[in-house]
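S.K.: Can you read through this structure? Questions will come right after.
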């Protein structure tokens, strides 16, 4: 029998699909990545092509194995981690999506949310799903598809349509339509799942007109869901045995499996999660109560704050403003000036997330004077990411009653030393960057490996979280407080736009 030497993590993100191959020591052996098309039909709308998502993800799996000559019979299991909330509805008979995937960033369902609020469902949603009533989550996206795609509602009521977040879609495709499943972490992001009873909420399905037959089966984040023979040379069937939404996978990859441990992922958005164990903490400060993974992949509760625009605001500097040619250049230009020269950039391009939850706020640059140059704007954009993180962390500490001694960080933007140092200064907290920053993939791999006995216990994994660098705060309290007050004023300017939305075309 061939020794199964590897675990593969499929990391399906907002802008790219990746496959990461790891060995038993959790070393990364091979990586493949492919970007895919971002579709913007109109202002505030964001879509992906589900078939392109699957095509890019499956090709990266083949490429990652092929780079190192790894056969499929050498792979013990596959774990999946994915962009959350992004919504796909497809016909189970044809296997084809009825519409593009509606991405988590998309704000088209703001009016549906207003209608649900007017019908008195806001507090019910908060109490039973742990979420706030916002276009961010999947439920209103499903309703929009059923209401706006010709024939969709009729087919749904006839039992022909299936709903899934991206993990569900990938597993369904990889098992040739045999398995329609999700895990607790992804289900908890739909605004359709009752986190008290751990089941789909029949009242919310009824209120949004979504047939229960569309919903996937919900399972733990670490168990065998099905098998696939996609990729690889030998055609051996490989177990798919780990699923977690990207942020919960990162939390697990950072080994934040006990109550009170927290991390921030700096990706397209920024996501701060704190594991609260078996205690459901209801936020008083605009945070989400959601589901994460306990030590064995069982559901545990967590607090989460989401910042919609993190790394995406650096992309904006590159792609729209043309101030930099590469995202890595932002650190160089930000350090060419000592301060932002009084400038604040609030990147509310698709509204504001936690703790504000203002769907109508818009991006704002304040404090401009004749002496402001491009370096100041670049620096202020990076500082805006750190300020938004403080907004969330302050709320999280108030809700949980826990003062963090350190924040664990991951994601692409943590390579930016200026951002990490400024983050530490703004928080007055140590920031720890791990040696292996691919913690989202690590989390998916750990969950998959534990399910098939590739790793025997959580204790075996605990020692793998080595720190690359710790950033210590250097800013004095007076300066920290003064600058943060300026940020709060800038946020109010961004929110003022919501009062003027009747002036938009």
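Backbone N, Cα and C atoms are what each Cβ position is placed from, and that goes for glycine too.
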S.K.: Going by the glycerol site in Swiss-Prot, where 84, 85, 246, 247 are listed, which of the candidates 136, 184, 301 is also part of it?
M.R.: 136
S.K.: Which single residue out of 265, 268, 350, 369 does Swiss-Prot record at the ADP site shared with 14, 18, 311, 412, 416?
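M.R.: Swiss-Prot names 268 for this ADP site.
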S.K.: Same chain only, sequence gap of 6 or more: which residues have a CB within under 8 Å of the CB of residue 84 (sn-glycerol 3-phosphate binding site)?
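M.R.: 104, 165, 166, 185, 186, 189, 245, 246, 247 - these are the non-local Cβ neighbours of residue 84 (sn-glycerol 3-phosphate binding site), listed in sequence order.
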S.K.: Same chain only, sequence gap of 6 or more: which residues have a CB within under 8 Å of the CB of residue 14 (ADP binding site)?
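M.R.: Counting only residues 6 or more apart in sequence, the Cβ neighbours of residue 14 (ADP binding site) under 8 Å are 83, 86, 103, 104, 105, 267, 268.
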S.K.: Please tell me which one of the binding-site residues listed here (15, 16, 85, 136) sits closest to residue 311 (ADP binding site), measuring Cα to Cα?
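M.R.: Comparing Cα positions, the closest of these binding-site residues turns out to be 15.
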S.K.: Give me the Cα-Cα distance between residue 16 (ATP binding site) and residue 412 (ADP binding site), rounded to a whole Å.
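M.R.: Their Cα atoms are separated by 13 Å.
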S.K.: With DSSP assignments reduced to helix, strand and coil, which class does residue 85 (sn-glycerol 3-phosphate binding site) get?
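M.R.: Coil, per DSSP.
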